[in-house]
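Trainee: Below are the C-alpha cells for one structure; questions will follow.
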Amino acid sequence: AKCQCKVVPRERTNCGYPGISAAECKKIGCCFNASVPSVPWCYSPKPKKVKKMCPNDPYTRINCGHPGIKPKECTKKGCCFRAHPAGVPWCFYHRVTEE
C-alpha cells in the first residue's frame, strides 16, 4: 500500500543492498524513493495497521473456549463473548482486519 511507504527520510530503515534497483527493491516487498540523497532509498514499509473485531456472522466464529465458559473467563483469554445464538461458539476469536 502506498501509505505504508510514507516514511520520513530520517526514520527509514534500510531494506536491500547498496545500488539496488527500484524494481528489485519493490520485488522484495520494500519501498523505493530516490528523492532524498544520503538516506536509504530502498526502505522498509510501515507496519500495516490492524484492528481486532468480533466477527458479526455467528457462523464464522472460531471457538476460543469450552462449553459453559463464563464471559469473564472468555474475555480474560482475550476473546469475544456473545451468548447467542444457540449452536455456535459463544466464546470466539477476534478477526483481524486491515485499516
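Placement of Cβ uses the backbone N, Cα and C atoms for every residue, glycine included.
Please treat TrEMBL annotations as automatic predictions, because they have not gone through curation.
So TrEMBL lists the following for this protein:
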DISULFID  C15-C30  disulfide bond
DISULFID  C25-C42  disulfide bond
DISULFID  C54-C80  disulfide bond
DISULFID  C64-C79  disulfide bond
DISULFID  C74-C91  disulfide bond
DOMAIN    1-46  domain 'P-type'
DOMAIN    52-95  domain 'P-type'
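Let's see these features in context: how buried, what's close, how far.
Mentor: Taking the Cβ of C25 (disulfide bond) as reference, residues of its chain lying under 8 Å away and at least six apart in sequence are, in sequence order, C15, G16, C31, F32, W41, C42.
Cβ-based neighbour count (10 Å, all protein chains) for C80 (disulfide bond) stands at 19.
Sequence-distant neighbours of C91 (disulfide bond): residues of the same chain at least 6 apart with a C-beta under 8 Å from its C-beta are N63, C64, G65, H66, I69, P71, E73, C74, K77, C79, C80, F81.
Cβ atoms under 8 Å from those of the domain 'P-type' (52-95) belong to no residue of the same chain, restricted to positions at least 6 beyond its ends.
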Trainee: How big is the gap, in Å, between the Cα of C30 (disulfide bond) and that of C54 (disulfide bond), rounded to a whole number?
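Mentor: C30 (disulfide bond) to C54 (disulfide bond), Cα-Cα distance: 31 Å.
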Trainee: Looking at Cβ-Cβ distances, which residues of the chain lie under 8 angstroms from C54 (disulfide bond) while being 6 or more apart from it?
Mentor: C80, R82, F92, H94, R95
Trainee: Count the other Cβ atoms sitting within 10 Å of the Cβ of C30 (disulfide bond), across every protein chain shown.
Mentor: 21
Trainee: Count up the helix, strand and coil residues in the domain 'P-type' (52-95) according to DSSP, in that order.
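Mentor: Secondary-structure breakdown of the domain 'P-type' (52-95): 9 helix, 8 strand, 27 coil.
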